[in-house]
Amino acid sequence: MAHSVKIYDTCIGCTQCVRACPTDVLEMVPWNGCRAKQIASAPRTEDCVGCKRCESACPTDYLSVRVYLRQETTRSMGLAY
């Protein structure tokens, strides 16, 4: 089941979320916006099972990676109107 995965620019490039993902949804890509020169990316969201282990592994206070489960996304879209 595909879920929406959003990586925010508060990512520090630590790779914790990538290592925590049991289905290999995340990978690191080059980015000059942080000291590590890399940021998490979610190229395979169709494999996301919604376990949110990536969120739990994120050491930033900003929760740089967020998984929006299908029902959460639908609910959020309804509030936008």
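Heads up, the Cβ atoms here are built off N, Cα and C, so glycines get one too.
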Would you identify which residue of Cys14, Cys21 Swiss-Prot lists as part of the [4Fe-4S] cluster 2 site it also attributes to Cys48, Cys51, Cys54?
Cys21
Measuring Cα to Cα, tell me the gap between Cys14 ([4Fe-4S] cluster 1 binding site) and Cys54 ([4Fe-4S] cluster 2 binding site) in whole angstrom.
12
Using a Cβ-Cβ cut-off under 8 angstroms and a sequence gap of six or more, which residues of the chain neighbour Cys58 ([4Fe-4S] cluster 1 binding site)?
Gln16, Cys17, Ser64, Val65
